[in-house]
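Inspection log for the structure reproduced underneath, given as structure tokens.
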């Protein structure tokens, strides 16, 4: 349904491992405050209590599998329509306003299933979530990266992005185990709690400070279509950025398929009771937190190479649930989550570093997000056909094979691109 990945964590929660202190101390006090606020925002905005049970809740409301996966395909397509316009709005006006408005929209979206638990109601909920997350997708990372860069704290970015991701996951670990029990007690309770936490995120977003001014800030916003054309030209000129975005598409698609679209059908196929869906999601999330918190240690192996290998590992782990029982499935999901946690902050950093025009950062990130959702819409559409025929194992095997071939091809292209760049540099 619906875009990814630390140091400041120590300042916010003293009990977390002390080894992150050194990373925090490299940032100024002002930057540390912004990072902590960004962590809190991501924690509450990402805490969707209904995530482990929405498939079962929609089924209990009378929706068929075809209707459920149609909603998810439409969700990704809507994301595609919203992403570039909202990214351009963020670049032209204010990243902070996008975060604030998106949070309010999420509050409304999460209340709709309480009032209208029908196909139309769930579709409207997911369309509003697509709008809200398209406002977040480019603006959040762009705001954090620009603030840290303009204040001389750019070396803290990967750690900050990783800590934000980790806090989101910690929230899920603490809260999602209750989702199945709450749904059994009162069906819409998880949606009401999601609205409350998103309201807290909106309040937090009001406190983000403005970006420090720079000499390169435009005196007035560039017209919309010239701005979009310039962003596309910037993307076309950067083969490295295109390749890194393609790499990110694979990571994003696998995460969405494994953690949202197929998580509940997989557990149902293993005959796990509904009450334990949230518990298992929280348990696997522990591994994702561990990966997100330790992603920096992989730099010595080459960041692009690491993300490529982790992407293949994720695909293989997801396909490996097919022949295994419940315990084996849990182990595969744990490996999948660990790999995704390691990959996310590294991939975010690679993409941000490859953007050479900061004024177009949110637009370019939104273009990437659009591509993410377009591919997801196609994959979910195909997946729905497989599931309707009872062929989930065949789908997972085909997905793993496709991802492996794509990552090998991408590795070859990245190597060739690097060789060409080195040749040009030596000739110059």
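Quick reminder: no glycine exception, Cβ is built from N, Cα and C everywhere.
According to TrEMBL, the features are:
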TRANSMEM  40-57  transmembrane segment
TRANSMEM  69-86  transmembrane segment
TRANSMEM  98-115  transmembrane segment
TRANSMEM  121-145  transmembrane segment
TRANSMEM  166-186  transmembrane segment
TRANSMEM  192-211  transmembrane segment
TRANSMEM  241-262  transmembrane segment
TRANSMEM  274-292  transmembrane segment
TRANSMEM  304-322  transmembrane segment
TRANSMEM  394-414  transmembrane segment
Paired segments the transmembrane segment (394-414) and the transmembrane segment (40-57) in contact, 3+ CB pairs under 8 A: no
Winner by Cβ pairs under 8 Å against the transmembrane segment (304-322), considering only 40-57, 69-86, 241-262, 274-292: 241-262
Annotated stretches the transmembrane segment (274-292) and the transmembrane segment (192-211) touching (3 or more Cβ pairs under 8 Å): no
Feature contact check the transmembrane segment (241-262) with the transmembrane segment (166-186), CB under 8 Å, 3 or more pairs: no
Tertiary contacts of the transmembrane segment (40-57), as residues 6+ beyond its ends and Cβ separation under 8 Å: 12, 68, 99, 102-103, 106, 110, 113, 117, 136, 140, 164-165, 167-168, 170-172, 175-176, 178-180, 182-183, 187, 189-191, 193-194, 197-198, 200-201, 204-205, 208, 260, 263-265, 268, 274, 277-278, 280-281
Remote residues contacting the transmembrane segment (192-211) - C-beta distance under 8 A, at least 6 residues beyond either end: 30, 34, 37-38, 40-41, 44-45, 47-50, 94-96, 99-100, 103-104, 106-108, 110-111, 114, 143, 146-147, 150, 175, 182
